[in-house]
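Here is the structure we will look at.
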Protein chains: 2
Amino acid sequence: MNFDPQSLRYDSNGLIPVIAQDHLSQEVLMMAWMNAESVAQTLATGKVTYWSRSRQAFWVKGETSGHVQRMVELRVDCDRDCLLALVDQVGPACHTNRRSCFYTAVRDGEEVEIMAPMAD
Amino acid sequence: MNFDPQSLRYDSNGLIPVIAQDHLSQEVLMMAWMNAESVAQTLATGKVTYWSRSRQAFWVKGETSGHVQRMVELRVDCDRDCLLALVDQVGPACHTNRRSCFYTAVRDGEEVEIMAPMAD
């Protein structure tokens, strides 16, 4: 079946959550949002392109930082309301310069930082 | 720092997206939602407990199916608006009886099923 971005289930803002996972290490890097047009752009260009809710604009990941995400494979969940993007991530995915945004663990009721920022 | 579920950033419905990842294989299993109370319950019980948007009720994963998720470690993202749950998943995570909900890949513009339902 042909994949049509319009066939996904978007929320009331026209957005769908996207989980970015390193295609080799399988580390979960970040979660962000796309609209139908950014899904289409991502597939057309191979550059993961989110929709920035704060800026209300397309967000070609890494366009300014150089920390681009090349799309390796897009996956759709059973309810068609969440996407998993297997990506090739250059450098840190997180704006804090860490490889992943999920660098805080909850251990014995305490928040523990488990990942340092990457060296430049 | 003590972890307080109230310190997370919930959406206008009081919900936060939660990515469930197999703590051993690192496979991404599913994405669902929690409210502050279900985050607290999950940590208190060790049983991953979502908030069902369709039923508007707590959803102790696997309570009826037996396909429980034991919480291994909870992680918080940089913006505190998404959670990553490293889990020990019994059987399939997906209601279609597949290990993961992300069993559909987009390859060359086509939807391809890449995962079969698990045997009972």
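A Cβ is built for glycine as well, from the same backbone N, Cα and C atoms used for every other residue.
According to TrEMBL, the feature Mg(2+) binding site maps to A:Asp77, A:Asp79, A:Asp81. Classification of A:Asp79 (Mg(2+) binding site) by DSSP places it in coil, neither helical nor stranded. Long-range C-beta contacts of A:Asp79 (Mg(2+) binding site), restricted to its own chain and to partners at least six residues apart, with a cutoff below 8 Å, comprise A:Arg9.
Over all protein chains present, the Cβ of A:Cys94 (Zn(2+) binding site) has 21 other Cβ atoms lying within 10 Å. The Zn(2+) binding site annotation in TrEMBL covers A:Cys78, A:Cys94, A:Cys101.
Sequence annotations record features per position, and here TrEMBL assigns domain 'Phosphoribosyl-AMP cyclohydrolase' to A:30-103. DSSP places the residues of the domain 'Phosphoribosyl-AMP cyclohydrolase' (A:30-103) in helix, strand and coil in these numbers: 10 helix, 29 strand, 35 coil.
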Residue with minimal Cβ packing [other Cβ atoms within 10 Å] among the binding-site residues A:Asp77, A:Asp81: A:Asp81
Least surrounded among the binding-site residues, given as A:Cys78, A:Cys101, when other CB atoms within 10 Å are counted: A:Cys78
